[in-house]
Amino acid sequence: MPKRRDILAIVLIVLPWTLLITVWHQSTLAPLLAVHKDEGSDPRRETPPGADPREYCTSDRDIVEVVRTEYVYTRPPPWSDTLPTIHVVTPTYSRPVQKAELTRMANTLLHVPNLHWLVVEDAPRRTPLTARLLRDTGLNYTHLHVETPRNYKLRGDARDPRIPRGTMQRNLALRWLRETFPRNSSQPGVVYFADDDNTYSLELFEEMRSTRRVSVWPVAFVGGLRYEAPRVNGAGKVVGWKTVFDPHRPFAIDMAGFAVNLRLILQRSQAYFKLRGVKGGYQESSLLRELVTLNDLEPKAANCTKILVWHTRTEKPVLVNEGKKGFTDPSVEI
């Protein structure tokens with residue numbers, strides 16, 4: 001049997017700890033209980049005698065709406081007279097994930113100052129879905145459309161590398177820029193071809209804003225590699241390409257890996273992407289060789305060592321149950 005003094009020693013050790021834990025629980029829970037009590041009957045929200053309670057509900061809703069407007073929807077940033085405008089050219093086409101991808105992209109572009117979004121649909125007319133989405137973003141945008149001929153469209157799920165994607169849409173955007181701005185325009189700007197299935201760092205847009213002729217940087221998840229990049233020497237000049245697929249292309253670079261000064265686009269009016277007679281992977285070269293030489297390229301992103309754009313692509317949804325047992329509602333826009 002334990003001795004009496006052993007029991008006393010245990011009590012003297014346990015009792016102080018019990019008291020400490022009890023006090024701590026009371027100090028922690030008391031404010032929470034007070035908060036819940038206040039939520040149940042907040043004296044500050046009691047309707048004064050003779051007042052209409054509906055007026056107070058409306059006032060609360062107005063306050064919430066003001067907060068939402070001021071802190072959530074105050075985008076894009078105010079326009080600056082000193083920053084060059086970034087003209088982002090995005091070809092797009094109708095598919096289940098189109099709205100999701102354009103929404104994700106818009107949420108990025110809303111944080112970029114002095115940005116103009118040129119969205120070009122591969123369609124015979126501008127679709128209501130894209131028109132509503134662009135209008136609701138609050139971005140400075142232009143909505144165009146041109147349909148790719150049937151013989152240049154993909155058939156089924158197979159990807160034919162000989163068939164260029166988005167070429168006519170990008171070319172229409174180039175034509176729009178040349179028709180909108182005079183050839184000798186002093187308007188400072190940069191043109192960037194940004195597909196809607198990529199992920200973009202905000203830092204990328206500030207990197208490209210200072211483009212004098214053509215700036216370049218790495219792109220992740222392309223060419224079967226973690227990333228492809230321009231090869232830059234110790235003097236900071238582009239001397240080649242870090243890629244496996246046809247590294248001897250004139251410009252072995254992804255569409256998301258370069259930006260062009262607007263004045264260069266306006267001055268070289270013959271420069272377009274080639275639709276015919278161009279092998280897969282040569283679309284970028286077909287435009288850039290009309291604008292610059294390798295020696296003219298300006299490496300960005302810490303001499304092409306930082307990844308600021310990823311060719312992520314949205315997973316194609318598996319809609320095998322769509323239309324079964326009355327679950328389909330075509331009126332719901334996705």
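Backbone N, Cα and C atoms are what each Cβ position is placed from, and that goes for glycine too.
From the candidate list Asp122, Asp136, Asp246, the residue Swiss-Prot records in the UDP-alpha-D-glucuronate site shared with Pro91, Thr92, Tyr93, Arg165, Arg170, Asp195, Asp196, Asp197, His311, Thr312, Arg313 is Asp122.
The feature region 'Interaction with galactose moiety of substrate glycoprotein', as given by Swiss-Prot for the ranges 125-134, 225-234, 245-254, sits at 245-254.
Ranked by CA distance from Asp197 (Mn(2+) binding site), the recorded positions Thr108, Asn184, Glu284 have Thr108 at the top as the closest.
When each of the recorded positions Asp197, Glu228, Glu284 is scored by how many other Cβ atoms sit within 10 Å of its Cβ, Asp197 comes out lowest. In the structure as shown, the Cβ atom of Asn184 (N-linked glycosylation site) sits within 10 Å of 8 other Cβ atoms.
Closest to Asn321 (site 'Interaction with galactose moiety of substrate glycoprotein') by Cα-Cα distance, out of the recorded positions Thr108, Asn140, Glu228, Glu284, Asn303, is Thr108.
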